[in-house]
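Each remark here refers to the structure printed beneath this line.
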Amino acid sequence: MFLTRAGRTLFSSASTGRLLRVAGSHVTRSISTAAPNLQAQPQHSDMPRFISTSMKGASVLADPRLNKGTAFSQQQRAEFSIEGLLPAAEESRELQLRRVHAQLASKGSDLERYEFLMNLASVDERLFYAVLTDDLEALLPVVYTPTVGSACMNWSSMFMRPQGLYLNVDQLDRIDAMVDNWPEDDVRAIVVTDGERILGLGDLGANGMGIPVGKSSLYSACAGIPPKFLLPVTLDAGTNNSRLLADPFYIGLKKHRVTGDAYEQLVDRFIQAARRRWGPRVLVQFEDFGNANAFRLLDKYQSQITCFNDDIQGTASIAVAGLLIASQMGAGAASASQFTGPRSLGEQTFLFVGAGTAATGIAELLVESMVHAGMTADDARRRIFLVDSSGLVSRSRLANETMAPNKAALAQDIPFMDNLQEIVDTIKPSVLIGVSGTGGVFTENIIRSVSAAHERPIIFSLSNPTANSECTASQAYAWSQNRAIFASGSPFLPVEVAPGDIRLPGQCNNSYIFPGVALGIITCEANHVPDSVFLLAAEVLADISVKDTARLERGSLFPPLRDIQNLSVRIAMAVVRHLVEGGHATNQKVIEACAAGEEELEAVIRSVMFNPLH
Ligand SMILES: O=C([O-])CC(=O)C(=O)O
Ligand SMILES: [Mg+2]
């Protein structure tokens, strides 16, 4: 039991190392978050951490950041006046974890598991993160894609208690007050959506809140960022989804999407209010905005504030990492006799099916990567082809249609074709990237054609959730005679392609990237996030992944999720170094740690991270 009384401060805060204030004349008690029966996870500091509170009684149990239920000792129960409010058993966190796993196993569907875990997070937040990090491989698909997609579809009918902050366009003059109502004073990163393009599911309006909530929990689970630093935000500008507008249970503004000045003001007032309240270095992650707004807002804010767009830059980074890794494996060769070893990205021909945020984001980062390797930007662009819902993105279209500038920059000087099979047969891509949001567009014929032209074609079906994947893992393997190097945005189970030959499809999802990138950004308190951070993150991930040859041989391009926190630390270290070199880091202590050496830098990054049971 750790106790602080007025006038004495005995402990440091969960992560910042600052001394906690003893509240007024109240007796301020501190709850040890330590789990005596659990081993400290080695990546974290051994210092027990404490949370200070002047609360007593039922309110301690009602606060998910303080509550640990039956893990409160008898002494703590007396101290916090919660005796009798809990059953007699005094349980270890380990036993509580086992119970939660058993409860999860008894649920009938992933959506039920999702609801159960969200409830757990609202009752005992550290136990929620302990369960999540204990089995991330199994639970990421439950708290994130694909299950989060079903949760968003059903958000209004499942609604019980609000999570995150909802800011709406009908109350522009109340935005400051709403931001002030958020209970945490030390927010360092915000995930914000306007719900217009939720995964590959389209406009889900305020139901899109599942995405910023889910991404925030990945910040904590994948990079150890303390939950109190994170804020999920939904900007409710209306919805054009008629199903939702007609749904009596819909929780958002029941009106069509507002565009123009009012929309602009909604975004701007939110950003100004957040910076006023949490300081100019608070990180803003744009997530699942519609295409036009995604690019426009990134263009508008990237030079002004600390921000990035995960669907453009995070997805680009993981895809480029995957392509670097697959190319290292010798993918893309035209025949078995050429299949001798590593190839460069410049030797591949890329065909994107889909030409939205993810496609152009990946394409631009690919160009940067090829330029980095010595190619000219024009030569690099000549290797990239895009197909949208009208057909091939060709220069001839530019005469009759206004195209988004980033898409127009990738238009090719070849005749227009509108049939995907014909396009594939003509271009003979060695890399097929699905970012269309349309399940099943990689048909058997398409995959057979790509595989006929290349010994080891790369097939990335990146649309989410699973039902929107352009093909499944088993289809990619079966239709390529098991030669495809396959990865997908949403997870697929291992596939036994022949007796004893089990492939592990890689999950090419931005969750490998944004948590580590954000950890770096918030640690050094960057005032700007340049695009180069995302190429760097891709290279770090690729360098680490190619070392695990046993895993690569089984088809999986990326490291196992159970290692993700260590991976995020490696990414964060590279990001911090890069931001310090670029003059974008503002935290003096971190700048000094960076100059002192690798160990010091790693220590300062790890000092930010939290361990739910320690
Ligand atoms: O959320 C994911 O799994 C990846 C992503 O950002 C998207 O599909 O919008
Ligand atoms: Mg997204």
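Backbone N, Cα and C define each Cβ position, glycine as well.
Quick look at what TrEMBL annotates:
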ACT_SITE  TYR144  active site, proton donor
ACT_SITE  LYS215  active site, proton acceptor
BINDING   ARG197, ASN464, ASN509  (S)-malate binding site
BINDING   GLU287, ASP288, ASP311  divalent metal cation binding site
DOMAIN    121-302  domain 'Malic enzyme N-terminal'
DOMAIN    312-580  domain 'Malic enzyme NAD-binding'
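Feature annotations (TrEMBL) mapped to structure.
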residue : record                             : contacts (Cβ under 8 Å, 6+ apart)
TYR144  : active site, proton donor          : GLY214, LYS215, SER217, LEU218, SER511
ARG197  : (S)-malate binding site            : ASP203, ASP288, PHE289, GLY290, ASN291, ALA294, ASP311, GLY356, THR357
GLU287  : divalent metal cation binding site : VAL191, VAL192, THR193, ILE211, PRO212, LYS215, ASN309, ASP310, ASP311
ASN464  : (S)-malate binding site            : THR145, PRO146, GLY149, LEU199, GLY200, GLY489, SER490, ASN509
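Among the recorded positions ARG197, LYS215, ASP288, ASP311, ASN464, ASN509, the residues whose Cβ sits under 6 Å from any atom of ligand 1 are ASP288, ASP311, ASN464, ASN509. The residues near the divalent metal cation site, meaning same-chain residues not in GLU287, ASP288, ASP311 whose C-beta sits within 8 angstroms of the mean position of the site's C-beta atoms, are THR193, ARG197, ILE198, ILE211, PHE286, PHE289, ALA294, ASN309, ASP310, THR357, in sequence order. Candidate recorded positions: TYR144, ARG197, LYS215, GLU287, ASN464, ASN509. Those with a Cβ under 6 Å from ligand 2, in sequence order, are GLU287.
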